Amino acid sequence: LTCVKSNSIWFPTSEDCPPGQNLCFKRWQYISPRMYDFTRGCAATCPKAEYRDVINCCGTDKCNK
């Protein structure tokens, strides 16, 4: 499985997930109005959302763009 690690306009990067990590995730963390921090990567299980987080998990290559 290949997941997006960072998704900048010029240099999107991806990573091959290690054995046992069969999900890609993208986390939006609310900072202030119109400002969010994005975290992307591989996971064995879908991370739990914390305060003001939205998490999307998926199981296909680069599905967490």
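Each residue, glycine too, has its Cβ placed from N, Cα and C.
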Request  = Using the record from Swiss-Prot, pick out the residue from C3, C46 that is joined to C24 by a disulfide.
outcome  = C3
Ask   = So, in Swiss-Prot, which cysteine from C57, C58 is disulfide-paired with C46?
value = C57
Key: C42 (disulfide bond) versus C24 (disulfide bond) - Cα distance in angstrom   = 5
Inquiry  = If you measure from the CA of C57 (disulfide bond) out to 10 Å, which disulfide-bonded residues from the list C3, C17, C63 are inside that radius?
reply    = C63
Remark   = Among the disulfide-bonded residues C3, C17, C24, the one whose Cβ has the most other Cβ atoms within 10 Å is C24
